[in-house]
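Beneath this line is the structure, given in structure tokens, with notes to follow.
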Amino acid sequence: MKAISVLSGGLDSLVTSMVAKKENSEIATVTFNYGQMALDKELKSAKKISKVLGAENQVFDISFVKEFSKSGLNTGNIPNPKKDDLDDFKESEKTMKSVWVPARNMIMFSIASGFAEGINAEKIYSGLNKEEGVTFPDNSTEFINSFNKSLEYGTLNKVKMYAPLYNLDKVEIATFGKRLEDELGLDILKYSYSCYRDNLKDYLHCGTCESCMRRKRAFESAGIVDPTNYILQ
């Protein structure tokens, strides 16, 4: 069966792409340029991951969202939360709003659906997960179910989106990812890029943005060696 995986280059989308690789005979990956500050590093990561997985990587330009987005991911005004803030809903909600790109996931998944239908793929894999679903509404199970309902009417071949990590937090994702890496005989986790910033060097993370902090905590709490290089440990 043919499938596509939405691959930003981050840990969640990498693990999801490994699941897609395991479950399907042929996969392709799609990556999006929405004018994000970390674009170059994300593209580098996505291309490398795709090569290791033996998947063709397609990049779509949706940088027009910069015209109406005030997100820190586009402007560079990215907050550095405290570690204790990660489990504080009010503080996490503030961070979420500061990096929210209007309708980003809706736009990306709609394009991914069209691409999937065009190449006759039946599945779209996404890295939506439980931890981010707490604050990001477009990571929730409600979003997944609603989007799949729209696909029943919006595509002829009834493409369906799968989110294999929907019930996992970051610690569980890191654990699952390491198990998949070993099972598939790959050395690939080190190529993921989670940072909101472009730190000039490939795969180098700032260590202070929310995404980096959640990544660090995930590997540490899972008891797994973190393959990531951080500017600030």
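Please read every residue number as a count from 1 along the shown chain.
Heads up, the Cβ atoms here are built off N, Cα and C, so glycines get one too.
Close to Ser13 (ATP binding site) in the fold, though at least 6 residues off in sequence, lie Ser5, Val6, Leu7, Ser126, Gly127, each with a CB less than 8 Å from its CB. Annotation source Swiss-Prot lists ATP binding site at Leu7, Ser8, Gly9, Gly10, Leu11, Asp12, Ser13, Leu14, Val15, Thr16, Ser17.
Sequence annotations record features per position, and here Swiss-Prot assigns Zn(2+) binding site to Cys195, Cys206, Cys209, Cys212 based on sequence analysis. When secondary structure is read from DSSP and collapsed to three states, Cys206 (Zn(2+) binding site) falls in the coil class.
Over all protein chains present, the Cβ of Leu11 (ATP binding site) has 25 other Cβ atoms lying within 10 Å. Shown are the binding-site residues Leu7, Cys206; of these, the residue with the fewest other Cβ atoms within 10 Å is Cys206.
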